[in-house]
Ligand code: KPL
């Protein structure tokens, strides 16, 4: 039996750990601070439904990452942003997760897998993507603001781990799929995040408000066009019009949500701008091109912070 651990007490971490625990899974949470682990031990973890009217409370074992450790069978879901993958955290993870252990990478953007491969050699890495939406209300409470999907990389050598995790996540109520084409899904999610996140953060609006006026749609279309062009050279499959409609559909489907970047700005946390639009700017440079729209939104997100 694999031990399931969620690293990160942010919105996604609390949601995953809370739902897994509520479904009977023997799941633990590793937090970055001792204070959060103590309040989870004291108050339990509360999951609210979309409107916040109904809530469910679970008891969960929470340990600060500083004193955490698992064995080779452990499956650790890294539910922290790329910005949290600091040398200190990675050094702690190298102690907490032995060679042979499994790490599931749930970060937005690109570039984190290469970093983890380098500093945590010998661990089984499963890249994952999720479109679940959640909002952290406080250190022990999360609201599930939108139902999405979880895609887990289907790699033959880690199939036992990904299938076990898929089964547990499904039992916890998530829609989970194993995918051999994760690279395409990663680039598609990067496109969505590169367009919606910085614009909603700069304008301080909900996702649905981005498609409400022609001027906002115009800015969105320009940023989309530039990003789509660069990502297609990198291997993003799909037709421009089809993907443009898909980005607008995400705004409509998550219309009441604040993007994670806007949530970070409001909470005065570091944003993921460098791993999303920054990654696009670096991709442009590697193609011998520039990315003026991505450069502008990157500068503005940093300026409004
Ligand atoms: O992934 C998201 C995010 O906020 O990071 C979207 C899809 C934009 C939903 O808010």
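For all residues, glycine too, the Cβ spot is worked out from N, Cα and C.
Caution: TrEMBL annotation is automatic and unverified by curators.
For reference, TrEMBL has these:
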DOMAIN    4-153  domain 'Ketopantoate reductase N-terminal'
DOMAIN    182-304  domain 'Ketopantoate reductase C-terminal'
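When pLDDT values are averaged over the domain 'Ketopantoate reductase N-terminal' (4-153), the model yields 95. Taken residue by residue, the domain 'Ketopantoate reductase C-terminal' (182-304) breaks down under DSSP into 91 helix, 0 strand, 32 coil.
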